[in-house]
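Enquirer: The domain 'Rhodopsin' feature in TrEMBL is assigned to 40-273. The transmembrane segment feature in TrEMBL is assigned to 20-40, 52-77, 106-126, 133-154, 174-200, 212-231, 251-274.
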Amino acid sequence: MSLPAGYSPAAYGNSPDDLGGWTVIASGSGLVVILIFASIRLYTRYPFRSRLLYDDVAIILSSVFAIVQSILIIVAVSQGLGKSESVLQTNQQRIAEKLVYASDLFYLNALFVSRIAVLCLLFALGPYHWHKVWTACGIIAGMLMAVAALLMIAVGCDVKMPWTQISQECGSIFTRWVAVLAFGIVLELFIAAILLRMLSMVQKSWSSKFKAVAVFALRLPVIVLAVYRLLYLRDIRFSSDPMLDRVRVTAWTQAEMVYSLVTAITPTLMPFLLKMNTGLGALSRDDFIKQTTNQESGGSFAMQSLKRSASGSKMRNDNVNCQSVVSSQKTERYSASSDDSQKVMVRKTVDVRFSNISSSQ
């Protein structure tokens, strides 16, 4: 069936023998999400008046790896990824395999670096010595796991041609991906344990602790995505058309990588939300002023303390500047008993100091 005049065939297929279009949608959507959240993270750190912290650097590196990985997948589709072997040329299949092989390595880098970024954030938030020690051990372990995972996948089944992992049957490569999944589960559970231990040592309300747990608990579904990816990767071993069936694995790969990166950025979005909050339609977080309309106040405002002071170590050097200015015109008030009076006004100042005195019962 020929196309009408003025029409050209689709850039990516959508047929039983060509599912490249679905792969491009998955990779392109993930690429857009990565760019949005990475831009928000950079926006919260701008202007860079102070040096970037370790978690900021890790997020930037993970975003770069994820962007390159998504681009490699889109290029691989143009070379034959997602097509059936019946419509695929041998040269195209070889190029597509090399691109998929390279994308797997960038996927591992993005995944493990995003986990290390979360550990770096917890390291900066914890003020206690042993918390920092355990978190530092987790960061080192995460780096070692990342190196081990890269070596296991990079070697492949044939050292001379390690990218031939799709067209040729390779049973050991699936076992290595199982080990990579085990590394990821251990790191995710370690992150949750470090968070719970840190919150148990902090004197905060239960509602504040629950919010912190809820934000970091958003990472746990990444384990489910990794398991689904592994299940479809297992089916490829027995597939008669692996390049076509690789589409499902690619979709779950993109979902896991993007979700891991987004949940690593989510805990640091508060400065961005504060800048975007206009206060319209809802009460402000700090309700400073309470207007009273009783007769004695004369339409004045009862104000709470606008200045809060607390001592403690500075945990993160975020570039967040908040300044509030409240001004009102001074109203002259007169007293009927003291107006035009010749009496002397005496003011007495008394200093009162309070101190904690421990007494035994």
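Backbone N, Cα and C define each Cβ position, glycine as well.
Surface or core, plus neighbours and distances: that's what I need for these features.
Expert: Non-local neighbours of the transmembrane segment (20-40) in the same chain are 10, 12-14, 59-60, 63, 66-67, 70-71, 73-74, 77-78, 81-83, 247, 250-251, 254-255, 257-258, 261-262, 265, 269, 272; each lies 6+ residues outside the stretch with a CB under 8 Å from one of its CB atoms.
Within the chain, the transmembrane segment (52-77) has long-range Cβ neighbours (under 8 A, six or more residues past its boundaries) at 12, 20, 23-24, 27-28, 30-31, 34-35, 37-38, 41-42, 45, 95-96, 99-100, 102-103, 106-107, 109-110, 113-114, 116-118, 120-121, 123-124, 250, 254, 257-258, 261, 264-265, 268, 316-317.
Remote same-chain residues near the transmembrane segment (106-126) are listed as 53-55, 58-59, 61-63, 65-66, 68-69, 72, 132, 135-136, 138-139, 142-143, 145-146, 149-150, 153, 180, 183-184, 187-188, 191, 194-195, 198, 216, 219, 253, 256-257, 260-261, 264, 267-268, 315-316 (criterion: CB distance under 8 Å, separation of at least six residues from the stretch ends).
Through the fold, the transmembrane segment (133-154) approaches residues 104-105, 108-109, 112-113, 115-116, 119-120, 122-123, 126, 162, 173, 176-177, 179-180, 183, 186-187, 190-191, 194, 197 of its own chain, all at least 6 residues removed from its boundaries and within a Cβ separation under 8 Å.
Long-range contacts of the transmembrane segment (212-231) within the same chain: residues 118, 177-178, 181, 184-185, 188, 191-192, 195-196, 199, 249, 252-253, 255-256, 259-260, 263-264, 266-267, each at least 6 residues beyond the stretch ends and with a Cβ under 8 Å from a Cβ of the stretch.
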Enquirer: Quick test of the contact rule: Cβ under 8 Å, at least six residues beyond the ends. What residues does that give for the transmembrane segment (251-274)?
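Expert: For the transmembrane segment (251-274), the list is 22-23, 26-27, 29-30, 33-34, 37-38, 40-41, 43-44, 55, 59, 62-63, 66, 69-70, 73, 104, 107, 110-111, 114-115, 117-118, 121, 215-216, 218-219, 221-222, 225-226, 228-229, 232, 318-320, 322.
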